[in-house]
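Trainee: This structure is in structure tokens; I'll ask about it shortly.
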Amino acid sequence: MDSEIAFDYSPRFRIFKNGGIERLVPETFVPPSLNPENGVVSKDAVYSPEKNLSLRIYLPQNSVYETGEKKIPLLVYFHGGGFIMETAFSPIYHTFLTSAVSATDCIAVSVEYRRAPEHPIPTLYEDSWDAIQWIFTHITRSGPEDWLNKHADFSKVFLAGDSAGANIAHHMAIRVDKEKLPPENFKISGMILFHPYFLSKALIEEMEVEAMRYYERLWRIASPDSGNGVEDPWINVVGSDLTGLGCRRVLVMVAGNDVLARGGWSYVAELEKSGWIGKVKVMETKEEGHVFHLRDPDSENARRVLRNFAEFLKEETF
């Protein structure tokens, strides 16, 4: 391997000038469990055999034994990690999704996708869309996964993600409207963006902090063929047309000590004046940093994030 390092993110990974990546820490795979954790069970399902891609489904234990026709909201979640790190099966995501399902009484699907730089942008968006389409094969109750057939309420579908996963969730909500998923006039009930990874040249110049330059470099690694850099519509969503956002409600979570918070606020401002028909709200945790609720899930502020998340899912959609 070429020893010239282009980007050093020790102790997680190093990127070399020849395009190679060295992942320095073995990634931990948390297995699914049919033994309930916090009253939640989980299992994995393959959504793309040709790409060897799977996802994890979380279900409240009491729903397993439900004999009636009760359906519960469906949450589709995209993990973060700068498009490069973490997986749907990482400890922090298994812990968070288990807690989220316990708090909201929903069925959740956590999507695994191929990551950069081995698979540059836009591969992960296409993988995520494949997962959405696979999930929606269950809307007729004849899909390959019994839990989704029996328990998912497709009139109450939510998209969510943190950091890079929040970016993915946004693009999936745009594509849902553009591709016109069945049934006719279908809309996502709501979208929750935890500390979204949105950039633009203006934001970077305005902040003038090294941490923001780090996120810019990370994007260039994930999307090396982008001629527009951080003006690329994949990452500069604020500079794109938001009127086609295919959901009725949006909750944006921002953290006061997170340099990406400015992008979250800009997204909210643009959404409000875009002509999009929907409602957007913001929850700010002033004294915390990026994805603190994943790193310290037992803190009071993390619990407050989870409560707000649960309340948003339980609100009636207008």
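Just so you know, glycine gets a Cβ as well, placed from its N, Cα and C.
Pulled the feature table from Swiss-Prot, pasting it below:
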- SER163: active site (ACT_SITE)
- ASP258: active site (ACT_SITE)
- HIS290: active site (ACT_SITE)
- MET1: N-acetylmethionine (MOD_RES)
Trainee: Relative to the Cβ position of SER163 (active site), how many further Cβ atoms are located within 10 Å?
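Mentor: Looking across every protein chain shown, the total is 26.
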Trainee: Can you tell me how far the Cα of HIS290 (active site) sits from the Cα of ASP258 (active site), in Å?
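Mentor: Cα-Cα, rounded: 5 Å.
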Trainee: If you count Cβ atoms within 10 Å of the Cβ of HIS290 (active site), leaving out that atom itself, what do you get?
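Mentor: If we count other Cβ atoms within 10 Å of HIS290 (active site), we arrive at 21.
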Trainee: Can you tell me how far the Cα of SER163 (active site) sits from the Cα of ASP258 (active site), in Å?
Mentor: 11
